[in-house]
């Protein structure tokens, strides 16, 4: 939705000056600006920018907290003390936020999602392969049955591999982690 500076300020409950400051900080402008031209914004793009900016600010705060705690020297922290527990909590929060950001930006995805997608694609491929011998037989009627049967056998092997993909992924993931780690 296109909005002007005043409408955007109302949406965020902020002043027009704040909107101007955000614009200087990189908030996306749809069009306009310059001498005498009203600036228009795409509200969805601005909300996305604001959320990303807010997450970056929060990450920076957590990073600073972690760094302050590290400077306090991890060796000096005694298990069971408030400082030690605060250090563990802050580090866990920072790690969780970084993982969430990586997931939100699609830098990482869950294994279950990959298994789901690959299994669905494998099923579609198996369906196409299943009709291939009949298509070849119709297209080339001069082929003997032994040729078509040979084709069917190899296609069945490929279909079985595709069908077992969802069972193979966890093992392949473990193998990948072992080799890359």
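Glycine too: its Cβ is placed from the backbone N, Cα and C atoms.
Listed in Swiss-Prot:
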BINDING   31, 32, 33, 34, 35, 36  ATP binding site
COILED    52-109  coiled coil
REGION    1-29  region 'Winged helix-turn-helix (wHTH)'
REGION    110-140  region 'Self-assembly'
REGION    141-180  region 'Binding to terminase large subunit'
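The list of residues near the region 'Binding to terminase large subunit' (141-180) in space but at least 6 beyond its ends in sequence, with Cβ under 8 angstroms from a Cβ of it, reads 111, 114-115, 118-119, 122-123, 125-126, 129-130, 132-133. Secondary structure counts, DSSP: the region 'Binding to terminase large subunit' (141-180) has 35 helix, 0 strand, 5 coil.
For the binding-site residues shown (32, 33, 36), fewest C-beta neighbours within 10 angstroms: 36.
Each residue in 37, 38, 39 lies on the same chain as 31, 32, 33, 34, 35, 36 and has a C-beta within 8 Å of the C-beta centroid of that ATP site, without being one of the site residues. Counting residues per DSSP class in helix, strand and coil order gives 29 helix, 0 strand, 2 coil for the region 'Self-assembly' (110-140).
Proximity of residue 35 (ATP binding site) to non-local residues of its own chain (separation of 6 or more, Cβ distance below 8 Å) is seen for none.
A mean pLDDT of 89 is what the model gives for the region 'Winged helix-turn-helix (wHTH)' (1-29). The binding-site residues in question are 31, 34, and the one with the fewest Cβ neighbours inside 10 Å is 34.
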